[in-house]
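Below is one structure, written out as structure tokens, with a few remarks after it.
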Amino acid sequence: MIVTIDGVAASGKSSVSSGVARALGVPYVSSGLLYRAAALLALEAGAALEDEAAVLVLLEGSGLRLEPLAEGNRVWAGGRELTPDLHSTRVDKGVSAVASLPGVRAWVDAQLRALPQPFVAEGRDMGTNVFPHAQAKFYLTASPRVRAERRARERPEDIPAIEAALTKRDEADRRQISPAVDALVIDTGPLDLQGVIEVILSALPEHEAGRTS
Ligand SMILES: Nc1ncnc2c1ncn2[C@@H]1O[C@H](COP(=O)(O)OP(=O)(O)O)[C@@H](O)[C@H]1O
Ligand SMILES: Nc1ccn([C@@H]2O[C@H](COP(=O)(O)OP(=O)(O)O)[C@@H](O)[C@H]2O)c(=O)n1
């Protein structure tokens, strides 16, 4: 069983996926963390973010690995945990450029498809490209202002600066963002976190919602 939860930046994908995954008793898989890790490795190595060959060498050589847990995903480069460094402002700014490289996308897709099922997968193209045969698909939206207000609790910048950066990233991500035709689109603006989780759980086919492993 695979459930996909895609959506724009800071729409609630990872928090909602974690909640849905815990309710189902399965892990969730945060694809964005692998793109963030690719950007971090490139930034740390001083590689140009558009240099596909250099980024792929870093990915192949780093032993990069996603650990998908229901309570929160972790990313490792060999024995070093990258997770705490993946949500910095410089990674936010650089990640779309790295994520637009076709070779990097193919590398990430292969990592995700190799993970043992069942799980909830979240990102931009989980329901369209990576897991088109998923049993249930969702797409989260909210206005840029609402998303910026939420993210302001996690970033040092003020709300207008965060809103501008989110809008810029949505634009840069345009190619990899689009709801699957068979996804249920949820505007999370008027809902709290639990409200979004409940909408998703109640929309799941009965045998999926009832499963605990
Ligand atoms: N429906 C919601 N109502 C209120 N806050 C939310 C909601 N969804 C997410 N949040 C909060 O917004 C922030 C961004 O959510 P997150 O799950 O990191 O989004 P994404 O994975 O899409 O970037 C988090 O602080 C989260 O707790
Ligand atoms: N499936 C995915 C997931 C993320 N991404 C890229 O990774 C970036 C970070 O994604 P994320 O989901 O961790 O971050 P937020 O957009 O939730 O802040 C996005 O801005 C995209 O550039 C992607 O291209 N495809």
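The first residue you see is number 1, and the count goes up from there.
A Cβ is built for glycine as well, from the same backbone N, Cα and C atoms used for every other residue.
What TrEMBL records for this protein:
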BINDING   Gly7, Val8, Ala9, Ala10, Ser11, Gly12, Lys13, Ser14, Ser15  ATP binding site
DOMAIN    3-203  domain 'Cytidylate kinase'
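In this structure, Ser15 is the one among the binding-site residues Ser11, Ser15 with the smallest number of other Cβ atoms inside 10 Å of its Cβ. The residues near the ATP site, meaning same-chain residues not in Gly7, Val8, Ala9, Ala10, Ser11, Gly12, Lys13, Ser14, Ser15 whose C-beta sits within 8 angstroms of the mean position of the site's C-beta atoms, are Val16, Glu122, Leu140, Ala142, Arg147, Thr188, in sequence order. Residues from the binding-site residues list (Ala9, Ser11, Ser15) with a C-beta closer than 6 Å to any atom of ligand 2: Ala9. In three-state terms derived from DSSP, Ser15 (ATP binding site) belongs to a helical segment.
Neighbour count (other Cβ atoms within 10 Å of the Cβ, all protein chains): 28 for Lys13 (ATP binding site).
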